[in-house]
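The next block holds one structure in the form of structure tokens; read it before the comments.
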Amino acid sequence: MLLPVFTLKLRHKISPRMVAIGRYDGTHPCLAAATQAGKVFIHNPHTRSQHFSASRVFQSPLESDVSLLNINQAVSCLTAGVLNPELGYDALLVGTQTNLLAYDVYNNSDLFYREVADGANAIVLGTLGDISSPLAIIGGNCALQGFDYEGNDLFWTVTGDNVHSLALCDFDGDGKKELLVGSEDFDIRVFKEDEIVAEMTETEIITSLCPMYGSRFGYALSNGTVGVYDKTARYWRIKSKNHAVSIHAFDLNSDGVCELITGWSNGKVDARSDRTGEVIFKDNFSSAIAGVVEGDYRMDGHVQLICCSVDGEIRGYLPGTAEMRGNLMDTSVEQDLIRELSQKKQNLLLELRNYEENAKAELSSPLNEADGHGGIIPANTKLHTALSVNLGNETQAAHAELCISTSNDTIIRAVLIFAEGIFLGESHVVHPSIHNLSSSIHIPITPPKDVPVDLHLKTFVGYRSSTQFHVFELTRQLPRFSMYALTSPDSGSEPLSYVNFTIAERAQRVVIWLNQNFLLPEDTNIQNAPFQVCFTSLRNGGQLYIKIKLSGEITVNTDDIDLAGDVIQSMASFFAIEDLQVEAEFPVYFEELRKVLVKVDEYHSVHQKLSADMADNSNLIRSLLVQAEDARLMRDMKTMKNRYMELYGLNKDLLNGYKIRCNNHTELLGNLKAVNQAIQRAGRLRVGKPKNQVITACRDAIRSNNINMLFRIMRVGTASS
Amino acid sequence: MDLNLNRTDYLQVGVTSHKTMKLLPASRHRATQKVVIGDHDGVVLCFGMKKGEAVTVFKTLPGQKIARLELGGVLNTPQEKIFIAAGSEIRGFTKRGKQFLSFETNLTESIKAMHISGSDLFLSASYIYNHYCDCKDQHYYLSGDKINDVICLPVERLPRMTPVLACQDRVLRVLQGSDVMYEVEVPGPPTVLALHNGNGGDSGEDLLFGTSDGKLGLIQITTSKPIHKWEIRNEKTRGGILCVDSYDIVGDGVKDLLVGRDDGMVEVYSFDNANEPVLRFDQALSESVTSIQGGCVGKDGYDEIVVSTYSGWVTGLTTEPVHKESGPGEELKINQEMQNKISSLRSELEHLQFKVLQEREKYQQSSQSSKAKSAVPSFSVNDKFTLNKDDASYSLILEVQTAIDNVLIQSDVPIDLLDVDKNSAVVSFSSCDSESNDNFLLATYRCQANTTRLELKIRSIEGQYGTLQAYVTPRIQPKTCQVRQYLIKPLSLHQRTHFIDHDRPMNTLTLTGQFSFAEVHSWVVFCLPEVPEKPPAGECVTFYFQNTFLDTQLESTYRKGEGVFKSDNISTISILKDVLSKEATKRKINLNISYEINEVSVKHTLKLIHPKLEYQLLLAKKVQLIDALKELQVHEGNTNFLIPEYRCILEEADHLQEEYKKQPAHLERLYGMITDLFIDKFKFKGTNVKTKVPLLLEILDSYDQNALIAFFDAT
């Protein structure tokens, strides 16, 4: 069994995910981690620490080999690594919601300190694509920014939603690193520099990403899922009721391939094979894991896997030796195998017995009430499922409807639907009361997003008095646009907003696409091109028109820019379109965006004004304090009192000012997010190269503060006319 | 000495009940012993281990489910005759497997427990106890509550015959002939009895008991009175005790106590100089341990603990080291043995798989025909639904012989489902439309592979009653599910007790009317947990209960035509009144309900709540401070500048946090009960004070005992 080679207990708490190992002096690996009260501690067990006496760093009063770094703000991400290759040692990077600090621990100086308006939720350090110098890439509010060692902003792009995790990985195998971005809209996006080359939709917020080797990478979601992707294909995933705090790739069994090491919120650490997800090693801490890193912490030439818990417990593991033959757990493999095989045998025997008993039951008398109690049902019982659109009534909002019915007098006791992303949890249960049991059930489904979802149904079928039920398991796919009902084209006024594009596909193929992605009534008959179909959204009643001309020109009318994007992306993947230029017009949305942009300017100027005020006030404080102290020395109590009264008032003002600044900042963040999202949305209306062009051009337009240009780009897709 | 035991699995039989596996006596000291085990298929299997392979000595044909298996024989000779209890029949086998006895007892209920001593046979069904000598009926006793186990003090060492019954109502009944000599109250419902050291200890009167809430104790049963010797409380909240045995596994010449629990825990206690038990070893298996015995099975010369589990695994925890310090050739041989075993298993599996495929096809085909029927394969679910006294919550334990796929929990009353750390299953709460379908809780537990046991914790609210249903779907083909129902009773947090404090101020509720004894008993059963379903013998009966959360009490005395309920908690009376009148109306029985409210009782109850509330408030306050204090500590480097109170908090931080985590929503529950008390107090006066509840909550927020009492009095 694999045992830790060292165990340390630091008396500092460690914030989850905020752990990094770096050689800050070029030779000794030290552990840096964020702790309480906006501090970062650096554990240096190797050298009796030189006593720093600068303002930022001070000796921890609790432990001799730990120094503390004051950030004075909640740390939101932390990493260490080579930022300036000429320096020969690692830099420590600390991100907060407003700033990024690159810190030279050895010389106790800042490399740079940059204000980042979008915040820094995640950070990764390394080289990206063809950019020669290493970058510290931070992900914030829908935005990605990369800084070199001088703090120059060399990389900037936007993504769909708030970024939660970042990783660098050679995704396409060209020897250069791509950036993996996991965001709040459940998407993992792959950026080849600033071009999106792949997008994978997951089922929850992606909290961690880590490169494994080659194009393989691990991921973790906020619902307790961890797994491994190879390029865009998921190899495996498992779900736990605990949350994966930190994932890391490390070859623990010395077989030359990295395993996925996961640190869990319940204090468990496990190592899983990258191919199968099988657990090859596990250990338990007494509190939640804060981070999993690797480093040669004992300076003996062997790299250890280092796991830290939030309570400051640190354990290091050396990879298993050859004699262990990958057997890292204490039970012998053979024993386990035998147990597993016996269990399998027992299950098969049980199944066999079930069939035997069934045969016996068949021979006995015809079906009667008593049989129903034991759960005997006619063998030809079948389950029908149908998906349709229900327009709703006064008591119930419109929804997509799943209808399940049995083919005879048996009843459905309960239906369990396991599906990801459309229910609050992972499952939805329909359990009618004993009086309302029947042989058919209608289940309303309202997916919050337009994504295709697999519904795994488990239906309990039996009789009213049964205590045992048959479980019918089947899977139905909910089409992407199930929340849109087909209506007659003249039933509403056509939306003013539209997108317009041309594809080289026959109209029949478009009809097939319609059939696969919408819930069309069975008797729908769509004639040849040109034709138009009209849908009404069940969520807000908005209209969606899709018109096709003989030339293959398609116009999609909708006021919902996201929906238009979804339609285009769905069509593009269905018809395998690589590049698609689109003309778009969304007057209402553009108007809103214009207002947002104006607001952003306003908030910026308010922000500057407030900062100036604050600076003024702090000068005032200084002078008041001096005056008050002078008065005290002069024993002029009255003046002193007055000065302190003024100071008190000023303090109050400052506090108020701070509140205003806070509000202003949140507003600003919200609006910046809206702007970033607008760019992303404009991109989603196009496919392939035009998409990247739009995003790049939009960004340039925003940089040069040319609002009219921005809208032009969003409309026609290019900057030049 | 450190006890180090290694696990080896021997073989698997069908599902087993508890106390159904025994080791046959060895021919000489430390020689290998044969294992005999009976399962739910009715098969008795006797096997020994030879070179790591299980060799069957004999195996009987399937029959009725085997509830008990004991060894017997002529006194003072090796006990090597095998007796089994199946249905209402007792059968005896020699160690070679020859049946020499078949005794039909003609009991109306099937036998639950059995003890054998020479030619004396002690049997108990659910409520009935019978003593036979040479298969002739000797004595008989009808118990007031379910009998879980029966034992007789060793007749070869004592001049008398003293059978002891372990009854569900937390009582050991010591019998003499057909009469109860005396009753011994134990801290939980006793599930298992055993003679201390296997022979009754020094006195021959020492009796071990284990309870379903995980407590262990030793009692000396003298002729006149019981003497409690020691008791092990279940501090780690492990599972209930299913089996115990005495065996010197540590090797210090003193027999150790081996314990198997229903959460898969195997424990070894050894005794210190003061004869107090000390935990020496524990290991968790994945399913409940139904039988345990010390002996020698795998290899002669190596002591081991042999256990059988619910799904029928016979497993040894042996002192034999896994990695033998011997030549490389030996190692190879062991490996070879393993490989042989594996390959034979594999080929067996292949064969089975082929057969199953054929059958599956047949099954599929049958579904085409219109006449055929499809039966649901039955599987057994081992379940336990018990109230935990410590945190006043229910725990529901479900165990299936094969891996569980998912469990659906449905309830038609508002209850809280709490997380249990031991579970690895992914829980998901579904939205429920309570109005039309009576669903207040719908949750699915999707189990990880190889989970055979699931534990849930449920918090109920007194006064809200209904049914909790669990739909268990195991991973077997054809897929089926079984539903289990559990009643959440109106006074769900009450527990049976045998003594109450009669000096407390009591409120009384009196029922009179034209109802029979059975009827009023059924109402009591409906309202309160731990009451036997069968109406007890006699004309009039009294039960005492204790509220596990507030420690208030309830006394219920009833007979034909009259029922009297007394409690110091006005809310208890109010709930009873509501439920009883509703039940009576449902059955169209004319009931006269009268009540007598004692004003002092409200103050008394508030005083009972006071220390709990104060403790919780203080705890919450302390826990809130911990983080801030720790930060100060980090900043200043020491804690000398803090006042002692704060320093104390820092020192106890871990303990406090644990305590706080253990009792989630405890404060809210207390608030809820005080609010109920307030409303109920005035309900009996005929005033509705619901509008004043916000005011009450305000007072609770800045809690002061006197202010609260004043508020209760003033309104």
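Glycine too: its Cβ is placed from the backbone N, Cα and C atoms.
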Fill in: Range annotated as coiled coil - as stated in TrEMBL, picked from A:170-197, A:254-281, A:338-365
A:338-365
Item to complete: Name the range, of those listed as A:20-126, A:165-272, A:396-481, A:484-575, that has the largest tally of Cβ pairs under 8 Å with the domain 'BBS2 hairpin' (A:587-684).
Response: A:484-575
Worksheet item: What average pLDDT is reported by the model for the domain 'Ciliary BBSome complex subunit 2 N-terminal' (A:20-126)?
Response: 79
Worksheet, complete the sentence: For the domain 'Ciliary BBSome complex subunit 2 N-terminal' (A:20-126), the candidate among A:165-272, A:396-481, A:484-575 having the most Cβ pairs under 8 Å is A:165-272
Worksheet, complete the sentence: Taking DSSP helix as H, G and I and strand as E and B, the domain 'Ciliary BBSome complex subunit 2 middle region' (A:165-272) has 0 helix, 69 strand, 39 coil
Worksheet, complete the sentence: DSSP composition of the domain 'Ciliary BBSome complex subunit 2 N-terminal' (A:20-126), residue counts helix/strand/coil, works out to 0 helix, 55 strand, 52 coil
Practice prompt. Over the span of the domain 'BBS2 GAE' (A:396-481), count residues by DSSP class, listing helix, strand and coil in order.
Written response: 3 helix, 48 strand, 35 coil
Worksheet item: How do the residues of the domain 'BBS2 C-terminal helix bundle' (A:689-715) split into helix, strand and coil according to DSSP?
Response: 24 helix, 0 strand, 3 coil
Worksheet entry | Three-state composition of the domain 'BBS2 platform' (A:484-575), taking helix and strand from DSSP | 28 helix, 28 strand, 36 coil
